[in-house]
Amino acid sequence: MKELLKKGIAIFGTKAIFLNWIETENEALGNVTPDSILDSTQGVSIVYDLLMKIEQNSIS
């Protein structure tokens with residue numbers, strides 16, 4: 001979870017903006033909030049992968 005938080009802050013710029021994103025329904029996740037799937041290793045991986053995609057799109 002620490003790595004997820006670090007990655008989120010690096011992408012969104014602040015902890016507050018990242019936490020807002022993680023608590024907002026996300027179409028890429030089937031309209032659920034990222035934090036709602038963080039109770040499993042698989043969920044953490046899914047959210048981390050989504051963050052990586054966001055990072056790649058913001059760099060391109």
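A Cβ is built for glycine as well, from the same backbone N, Cα and C atoms used for every other residue.
Feature list (source: TrEMBL):
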type	residues	note
DOMAIN	9-55	domain 'Antitoxin Xre/MbcA/ParS-like toxin-binding'
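Per-residue pLDDT, averaged along the domain 'Antitoxin Xre/MbcA/ParS-like toxin-binding' (9-55), amounts to 97 for this model. With DSSP classes pooled into helix, strand and coil, the tally for the domain 'Antitoxin Xre/MbcA/ParS-like toxin-binding' (9-55) is 34 helix, 2 strand, 11 coil.
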